[in-house]
């Protein structure tokens, strides 16, 4: 290849950009841990570099203060803050962008947990073990297990910081989904008398649905240690159990970000359990998950979906699925039909499945 050609320069640019992409993620995580988005927001107007540095709590060490500019420059160049240099001023002014606003602690739908989880050293070690996982013949079913000697859930149960990052991410996501469901997708719950939210955790989504549909009995179905200390109130009940064995009967079963954690064989088992739990007439399963390539023209979306698919492989030996793969699962589990509502949010779709 001619080293002076545009083709070579373009190839160089792509390799350098991708090889350095982790630096952006690490810098964003650093900004979140230092409280930079919240500090800018608390200032109430564009903030100078020195004002920002002096306002950080806990403070940065005085010897490191001169280097905050380097971090802010990376954030600004990647759209996580705006940087403005006014005429006659020696310092730039920084403001939040839409991307950094959804990292604020006060924002109910914040994505802080996603940033902290994806850039967690625990996760990075799993990715570092991916090539070993491909090459080895040990009994580890995931790259995460190759790295840590335990599966994702087992490790999280023993390491609270990792679990807290993940739980924060899931709680914020449930807030987002709740808002979408009781808004644009409210029609899904009309006419239902009962619903079971599988893996519903502390019941964020079930409570939101129950509040807007008082006649609807909502059951949060999760593992015993998850629901052990949760109190059932009004039309929200917490029930312990195993979705592979038996699911409580209801008009509808709700699965948010559950099936992408499991391989095809296990997904069919889960779906068969769901089918047994709903009536043959009028029953349905509501799934929130990715449908890969739902919009092939959106390159940013496709790249994010394929990255998430790799994350499912690394952590769970599972996957994201295209419509054809979803249809296969539904048929294998004995369902007659389904309907996809694309683009529930940036990456996911909503699927109704009928017995």
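Just so you know, glycine gets a Cβ as well, placed from its N, Cα and C.
In the three-state DSSP classification, residue 242 (S-adenosyl-L-methionine binding site) falls within coil. Around residue 242 (S-adenosyl-L-methionine binding site), taking its Cβ as the centre, 12 other Cβ atoms fall within 10 Å, counting all chains. Under the heading S-adenosyl-L-methionine binding site, Swiss-Prot lists 198, 199, 200, 201, 222, 223, 242, 243, 256, citing sequence analysis as support.
The feature active site, proton acceptor is assigned by Swiss-Prot to 260. Applying an 8 A CB threshold to same-chain residues 6+ apart, the list for residue 260 (active site, proton acceptor) reads 289, 290, 308, 312, 318, 319, 320, 321.
Once Cβ contacts within 10 Å are tallied over all protein chains shown, the binding-site residues 198, 200, 222, 256 are led by 200.
Secondary structure at residue 260 (active site, proton acceptor), as computed by DSSP, is helix.
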